[in-house]
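Comments concern the structure below.
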Amino acid sequence: MPAFNRLFPLVSLVLIYWASVCFPVCVEVPSETEAVQGNPMKLRCISCMKREEVEATTVVEWFYRPEGGKDFLIYEYRNGHQEVESPFQGRLQWNGSKDLQDVSITVLNVTLNDSGLYTCNVSREFEFEAHRPFVKTTRLIPLRVTEEAGEDFTSVVSEIMMYILLVFLTLWLLIEMIYCYRKVSKAEEAAQENASDYLAIPSENKENSAVPVEE
């Protein structure tokens with residue numbers, strides 16, 4: 001069961017990828033909010049366009065706010081992705097899609113100081129013949145960095161339930177074995193008693209015990 005819980009997110013992503021390849025759709029999947037120190041962390045930001053065939057000028061801005069601090073720019077996409085001067089410089093990697101519906105970034109070698117609030121701003125200016133509407137979307141990602149990977153609560157509950165089920169099945173099988181053993185033992189004892197009683201009867205009594213046949 002824990003293995004299924006660990007494989008379920010992977011299977012879901014595979015299905016989403018397969019659907020996106022077979023059918024061009026956009027799915028706004030929320031980002032994970034927990035990272036482990038020293039590992040890369042993908043900050044997922046997806047902003048779907050309802051009409052993909054419409055051309056649009058897209059600008060992406062990533063901000064970071066430490067606990068008790070203020071927002072400051074760490075990454076910008078404007079006619080090409082570029083990293084700005086910040087404490088994250090050299091550790092950010094563009095992970096977006098070509099159509100700029102997925103504008104995610106990856107933080108390399110995550111540290112404990114990277115905990116905080118990340119903001120993804122996506123600004124689009126659509127190019128229609130009559131007008132050029134402007135749309136802005138915002139995604140907030142509260143990130144918590146830990147020293148070691150924590151155990152998933154669902155996996156813990158699944159493991160506990162699995163062990164309880166195994167104990168219950170073991171006890172049930174043990175009770176069934178004891179019940180069957182006693183039942184067989186009683187049947188053997190009854191058979192032995194009947195055989196002993198039959199052997200204890202004298203031969204004369206055995207002949208007399210026969211029922212006479214009336215003429």
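Numbers here mean position along the shown chain, with the first residue as 1.
Positions of Cβ are set from backbone N, Cα and C atoms, glycine also.
According to DSSP, CYS26 (disulfide bond) sits in a coil region rather than a helix or strand. What Swiss-Prot lists as disulfide bond is CYS26-CYS48 (among others), and the listing cites similarity to another entry.
Take the CB of CYS120 (disulfide bond) and look out to 10 A: across all protein chains shown you find 23 other CB atoms. According to Swiss-Prot, the feature disulfide bond maps to CYS45-CYS120 (among others).
If you look up Swiss-Prot, you'll see 24-138 marked as domain 'Ig-like C2-type', on the strength of sequence analysis.
Long-range C-beta contacts of ASN95 (N-linked glycosylation site), restricted to its own chain and to partners at least six residues apart, with a cutoff below 8 Å, comprise LYS42, ASP102, SER104, ILE105, THR106. The N-linked glycosylation site annotation in Swiss-Prot covers ASN95 (among others).
Annotated N-linked glycosylation site per Swiss-Prot: ASN109 (among others), in sequence order, evidence recorded as sequence analysis. On its own chain, ASN109 (N-linked glycosylation site) has GLY38, ASN39, PRO40, ARG91 as residues at least 6 apart in sequence with a Cβ closer than 8 Å to its own Cβ.
In sequence order, PRO66, PRO87, VAL145 are the residues near ASN113 (N-linked glycosylation site), counting only same-chain partners six or more apart with C-beta under 8 A. Annotation comment: Swiss-Prot describes ASN113 (among others) as N-linked glycosylation site.
The feature N-linked glycosylation site is assigned by Swiss-Prot to ASN121 (among others), with sequence analysis given as support. The number of other Cβ atoms within 10 Å of the Cβ belonging to ASN121 (N-linked glycosylation site), over all protein chains shown, comes to 18.
According to Swiss-Prot, the feature signal peptide maps to 1-22, an assignment based on sequence analysis.
For 23-156, the entry in Swiss-Prot reads topological domain 'Extracellular', with the evidence type a curator's inference.
What Swiss-Prot lists as topological domain 'Cytoplasmic' is 179-215, and the listing cites a curator's inference.
Taken from Swiss-Prot, the feature transmembrane segment applies to 157-178.
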Seminar exercise, completed: Whole-Å Cα distance, CYS45 (disulfide bond) to ASN121 (N-linked glycosylation site), is 9
Problem set entry | Around the Cβ of CYS26 (disulfide bond), the count of other Cβ atoms that are within 10 Å | 16
